[in-house]
Amino acid sequence: MSSKLRVGVAGPVGSGKTALVETLCLSMNKNYEIAVVTNDIYTKEDANFLINKKVLEEGRIIGVETGGCPHTAIREDCSLNKNAVLDLENKYNPLDFVFVESGGDNLASSFSPELVDLSIYVIDVSAGDKIPRKGGPGITRSDLLLINKIDLADKVGADLNIMKSDTEFMRKGKPWFFTNLSSGMGVEEIIQFLESHIPNNRN
């Protein structure tokens, strides 16, 4: 028996991927059975962070040391992550959600459909308002795009109106949200998006 929904979380270093996973676990774990797989190149830093924050019981969080390029471990050769997901699904059957957090990567990052059912891509305004129009699979093809840290827009000179216009053009109708995960802005909308994708049955 597999989990109902495997959700990939990708994005550049520092965009807010771990903050998103932390927030979703804390917000959803009373109503859903959840587990997490994190990716780091040489450490298990993100997994340890989530464990120390007590977002879930420790056994539900697995850290994968990819030892190389982050996108290889979620796309070309996702065996390490797939095995971690299967371990969690076997141990905590049934699971509603398994979140797979990629290591920080560039705009070319994308998940193998063998690993996840849907993907969330996280960028943030501190990288500049030009990021959405640069495109890439995360911007254009992810199931949900988040533009995080909008509270920093004025401080870094990012124009949210430009980001909105460019994002709507690049996404072609696919969903996206402005978020400020540190304050909780956008979290309810993300949860509703995830809940809307839970299948009735998945073998």
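Placed from the backbone N, Cα and C atoms, the Cβ positions cover glycine too.
Residues or ranges marked as GTP binding site in Swiss-Prot: G11, P12, V13, G14, S15, G16, K17, T18. Packing around K17 (GTP binding site) is summarised by its Cβ count: 28 other Cβ atoms lie within 10 angstroms of its Cβ, all protein chains included.
A C-beta separation below 8 Å, combined with a sequence spacing of at least six in one chain, links S15 (GTP binding site) to G104, V122, I123, D124, A127, N148, K149.
Long-range C-beta contacts of G11 (GTP binding site), restricted to its own chain and to partners at least six residues apart, with a cutoff below 8 Å, comprise K17, S102, G104, D105, S109, Y121, V122, I123, G138, L146. DSSP assigns G14 (GTP binding site) to coil in the three-state reduction, placing it in neither a helix nor a strand. Apart from G11, P12, V13, G14, S15, G16, K17, T18, the GTP site neighbourhood in this chain, defined by C-beta within 8 angstroms of the site C-beta centre, holds G104, V122, D124, N148.
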